[in-house]
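**Q** First, the structure itself, so that you have it in front of you.
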């Protein structure tokens with residue numbers, strides 16, 4: 001019987017290029033520039049090559065993701081990881097472009113999946129979404145079926161289309177996202193602070209982001225509000241950024 005392997009060994013190889021794409025609608029979104037500055041600082045510190053586009057239309061959101069995918073697949077050097085940061089007004093499942101038209105998030109996620117981006121197959125793809133997902137506001141609270149048989153193979157020759165992806169939303173489904181008109185968004189500023197000052201795999205870092213946001217109290221129009229991010233992961237290994 002072979003000795004069990006430590007989970008610490010199961011981590012993504014980050015020796016290749018690290019790439020990031022930032023798409024941000026600044027129109028009628030005061031505080032966006034502070035978020036952009038913070039993200040640029042974070043990506044420099046984490047040794048990412050970052051590309052930024054301000055005020056994309058709905059169509060340009062899709063076009064920029066496709067251009068990013070093509071640039072990744074055409075690189076001669078190996079790519080280890082890709083980040084995509086999307087910041088705009090929105091509602092559940094959609095972002096609003098600078099032109100007021102909507103683009104479906106699901107379509108944006110398609111560009112870098114294991115089927116459409118060969119260079120990122122089995123590589124981590126992280127999406128950071130700073131946008132409202134509804135109209136609700138959280139005031140805070142005081143503190144069987146049929147059996148399914150699963151067969152595991154030691155050396156799989158194929159992987160699912162949507163593995164190795166991490167979607168991080170600034171708020172939970174149905175709720176608005178908060179942004180200060182001078183200091184930027186609570187979510188982006190907290191994420192940058194944790195990612196640049198703390199070490200650990202990315203899900204540990206995001207747990208710390210969630211803790212800080214959940215414990216913070218926001219005030220909007222004189223009323224106390226609470227908020228926390230939502231994390232959806234299909235990562236198969238640990239992802240360390242530093």
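Note: Cβ is positioned from N, Cα and C throughout, glycine not excepted.
According to Swiss-Prot, the record shows the following:
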- 89: active site (ACT_SITE)
- 132: active site (ACT_SITE)
**Q** For the active-site residues listed here (89, 132), which one has the lowest count of neighbouring CB atoms within 10 Å of its own CB?
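**A** Among the active-site residues 89, 132, the lowest count of other Cβ atoms within 10 Å belongs to 89.
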**Q** Where residue 89 (active site) and residue 132 (active site) are concerned, what is their Cα separation in Å, rounded?
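**A** With the alpha carbons as reference points, the distance is 6 Å.
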